[in-house]
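Quick look at what TrEMBL annotates:
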- 5-100: domain 'Pyrroline-5-carboxylate reductase catalytic N-terminal' (DOMAIN)
- 9, 10, 11, 12, 13, 14, 70, 71, 72, 73: NADP(+) binding site (BINDING)
- 57: NADPH binding site (BINDING)
- 164-268: domain 'Pyrroline-5-carboxylate reductase dimerisation' (DOMAIN)
Ligand SMILES: NC(=O)C1=CN([C@@H]2O[C@H](COP(=O)(O)OP(=O)(O)OC[C@H]3O[C@@H](n4cnc5c(N)ncnc54)[C@H](OP(=O)(O)O)[C@@H]3O)[C@@H](O)[C@H]2O)C=CC1
Ligand SMILES: O=C(O)[C@@H]1CCC=N1
């Protein structure tokens, strides 16, 4: 059970997904506060439930045991520098969800050595089906580690990594990952339509197939390669399709794409630290 008060600095897409998941998991709305400058985003957040939403970050910090930093990487420095004094005084556990912003850079900008759990969640957190990688810096106590783990477990799978650099690989696999599956679904829907299905039928068949495949992979006792083989009848239709995917270099393309995402996280860190 999460009894701490949780304040979010930044209430955009990813914060809304986590907040929606926390509320669905039973965290009371009056334990959640958000500081968000954009009035439209505040309205969207307020629609999630009976949480305290405002534009005043200082008020959020003064009322929170845990502060989730959910702003874009590019504004993290200015946000932390502007909030350094109240954060240094109150010393809440900080949880950052920003891609490519290291705990070292955050503490440099704060001018202190605060407890920071850096994590990489993903948007399915909204449906409590998220996947998050977490890393704790040396200032994080066992209790704080448990608190951070409990928050992210409330919205899905939470996995700790030993080295901070591994979070860039987590970003490439699961942080950005939902977008890869959405792209595949977009492409399958479009192909279904080209092959003569109406848009709604193509959509329904694609989405249900994605759900069914993910459930079999998660709930079954065989690996995904074996599940793929079981669909692939010798000399059948799947064999033709899979052969064309392999011939087109799908595996190499996936590796290149994930390496690109990992490298972009590393670049972001260097760009932000060089500022
Ligand atoms: N989207 C995703 O799937 C994932 C995102 N992340 C990480 O989450 C973080 C947020 O991403 P995302 O939610 O997509 O981005 P959004 O732009 O949707 O959310 C960021 C929010 O922060 C607000 N903001 C800007 N400045 C401040 C400030 N000074 N104080 C408080 N709030 C402020 C922005 O308002 P305004 O719009 O007015 O600028 C915006 O609403 C990023 O660091 C990203 O790397 C991590 C995992 C997955
Ligand atoms: O695209 C991004 O940079 C963020 C981080 C992972 C998902 N969205």
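Any Cβ shown, glycine's included, is placed from N, Cα and C.
Mapped onto this structure are the features recorded in TrEMBL.
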| residue | record | DSSP (3 states) |
| --- | --- | --- |
| 9 | NADP(+) binding site | strand |
| 57 | NADPH binding site | helix |
| 70 | NADP(+) binding site | coil |
Spatial neighbours, same chain, of residue 9 (NADP(+) binding site) - Cβ under 8 Å, 6+ residues apart: 35, 57, 60, 61, 67, 68, 69, 70, 71, 79, 83
Around the Cβ of residue 13 (NADP(+) binding site), the count of other Cβ atoms that are within 10 Å: 12
Cβ neighbour count within 10 Å of residue 11 (NADP(+) binding site): 28
NADP(+) binding residues 9, 10, 11, 12, 13, 14, 70, 71, 72, 73: largest Cα-Cα distance, in Å and rounded to whole number: 14
Position of peak Cβ density within 10 Å, selected from the binding-site residues 57, 72: 57
DSSP helix/strand/coil residue counts for the domain 'Pyrroline-5-carboxylate reductase dimerisation' (164-268): 87 helix, 0 strand, 18 coil
